[in-house]
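Copied from Swiss-Prot, the annotated features are:
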ACT_SITE  H95  active site, electrophile
ACT_SITE  E167  active site, proton acceptor
BINDING   N9, W10, K11, G173, S212, G233, G234  substrate binding site
Amino acid sequence: MRTPLVMGNWKLNGTKESVSALIKGIEAAADAAKNVEVAVCPPTIFIEQVANLVANNSIELGAQDVSTNISGAFTGETSPVMVKEFGAKYSLVGHSERRQYHNETDAVVAAKFVAIQANGLVPVLCIGETLEERETDKTFNVVETQLKAVIDVSGIDALENAVIAYEPVWAIGTGKVASSEQAQDVHAHIRTWLAEQSKVVAAKVQILYGGSVKASSAKELFAQPDIDGGLVGGAALLVEEFVGIIEGAK
């Protein structure tokens, strides 16, 4: 049985005051949801603050991005070792905004995936298609290609200790949400494709849905057999919304 995971990606948002208020606002719901894992991925500058805030509750900590490098002359980068030192469990990798705005190729994503695992973190591998790719029936090809790029480097068994997040790019920050049927269709395809490589991995790996998840849509989405939770963007910044999403995962 796969444990539902609700993960908030705060992106480039927050202040010292708002970060504290947000954690305090969601911690009771996170602690009460015994069968749901809750995690947050703050901007790097807030990782130490959040680590202290979640030290005595059940909320897990994640990074939004890390470097493939551990140390050295890499201005502006953050290594997986650094975030691990502050108690992080997860790191996102391959988010569509990293792919789009930072030109991260499948090869770069694969290298980061390996570096994340090698340094004791759990990678949350983000995959998904653009609107143009969906409208030209390329969704399945896109997610397979993005997965294969990682598996070719890491091996299929590495996904036993990883999370996959399917995020249709056309639904991120747009207010558009894939219907529960559309999302389940892609999640089921991902799991079936993985089963061709390893039935063990396919049965075990959590596949999250990411793309304008809201409290109003969470319960129906998470009721689908191959949707194991959500990677939540804007709604993760709102206490009531995020609590509602956690409730929807129970």
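Here the Cβ of each residue, glycine as well, is placed from N, Cα and C on the backbone.
Recorded features from Swiss-Prot, shown on the structure.
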residue: N9; record: substrate binding site; Cβ contacts under 8 Å, 6 or more apart: C41, Q64, L92, H95, G210, L231, V232, G233, A236
residue: W10; record: substrate binding site; Cβ contacts under 8 Å, 6 or more apart: V40, C41, P42, P43, F46, Q64, A236, L237
residue: K11; record: substrate binding site; Cβ contacts under 8 Å, 6 or more apart: P43, Q64, E97, G233
residue: E167; record: active site, proton acceptor; Cβ contacts under 8 Å, 6 or more apart: H95, S96, C126, I127, G128, Y209, G210, G211, L231
residue: G173; record: substrate binding site; Cβ contacts under 8 Å, 6 or more apart: S212, G233, G234
Just how spread out is the substrate site if you go by the largest Cα to Cα distance in Å among N9, W10, K11, G173, S212, G233, G234?
13
Drop a 10 Å sphere on every Cβ of the recorded positions H95, S212, G233, G234 and tell me which sphere holds the fewest other Cβ atoms.
G234
Other than N9, W10, K11, G173, S212, G233, G234, the chain contributes near substrate (Cβ within 8 Å of their centroid) the residues I172, V232, A235, A236, L237
The correct three-state DSSP answer for N9 (substrate binding site) is strand
